[in-house]
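**Student:** Found this in TrEMBL, in case it helps:
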DOMAIN    57-256  domain 'Neurotransmitter-gated ion-channel ligand-binding'
TRANSMEM  257-281  transmembrane segment
DOMAIN    264-353  domain 'Neurotransmitter-gated ion-channel transmembrane'
TRANSMEM  322-344  transmembrane segment
TRANSMEM  393-410  transmembrane segment
């Protein structure tokens, strides 16, 4: 009884010994497809056993009662989603690649480097039970098919890749907001097996700057710049369940200030400068100076309210709060300055009137009245006009000093310089 190679597919689900019991004639090349001279499982028989669940008990890990299974992981970042300061989380779309060795999956591959299994076959072999401790919600992509890839090499090495989109918790310290740098982590951990059974490691790759984490140059964020990524591994211990192997990738995200510079800093700075115009307006023009002062105060109040939108209500002051409070203070002091000038001007007028009455006896001529007023003003110290003249210099000078101090304290370059200087002094000691 002779079968062609095409008809041979009928027997691909039958054990090799059963095929031998049949009087089948096949060529040496066809025979090699089903059975190797070394006695190992052939590629086709291997696939059939996977489908029939007769090769591996997926409930038992490789090297059972032996050394821990080394699971090497690699993360390929596809894209970053939104980063929410209110919810303290961020979204991440990535491929998680895992690699381990299962001696039970060895087969004779010949020239074939690996066998690719279907997504339905993955459930028939053992896979590492991993989870993400800081995950809030997640999605395994299934469009058009489940985004899973699994390959098995002849020596039993399994490569498993899946595509995930996760919303991960990212606690943020917003003291420097919006001049801050945040650290958001991706944690991967064994859920079932302790560190004696599974050991997680980052996949070494000399082509990657950050071992185990790959971020293409095309990946970016609207408000943040990815400064650095640090990958590490450790064991996390729990009081009741034991110690579990864990991987951690920390993304250092520096916030881009361009948006806040155009929407908050520059407009508030212009409002402060606008409030100084009142110092050049005649102190007798009460409606003009009052209207300008109140307008700038109300505008700053609106700016202050708008700057707090989209930011969590934290119990500590943020850099933005310090800036807006200082601008509000400068604007309020400018309005208060005119109140002082107006009072001083009124007092001066009363004194001038009394002095004029005393000098002229209420009937003096204009020449004597003018000279007495000039002599009166010359003998006095601080006047309303003098306060206005000083304010024209003091307010801008103090605002420049505040700007220098503010940007020096809250920019990372200044902080780095201070830390380096402190470490240098400490090293010399």
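One-based numbering along the chain as shown.
Glycine is no exception: its Cβ is also placed from the backbone N, Cα and C atoms.
Note: TrEMBL annotation is automatic and uncurated.
If you look at the structure here, what lies around each of the features I listed?
**Tutor:** Across the domain 'Neurotransmitter-gated ion-channel transmembrane' (264-353), the DSSP tally of helix, strand and coil residues reads 74 helix, 0 strand, 16 coil.
For the transmembrane segment (322-344), same-chain residues at least 6 beyond its ends with a Cβ under 8 Å from one of its own Cβ atoms are 264-265, 268-269, 271-272, 275-276, 278-279, 283, 286, 289-290, 293-294, 296-297, 300-301, 303-304, 307, 382-384, 387-388, 391, 395, 398-399, 402, 406.
Listed by sequence, the residues of this chain that lie at least six past the ends of the transmembrane segment (393-410) yet keep a Cβ under 8 A from its Cβ atoms are 176, 179, 272, 276, 279, 319, 322-323, 326, 330, 333-334.
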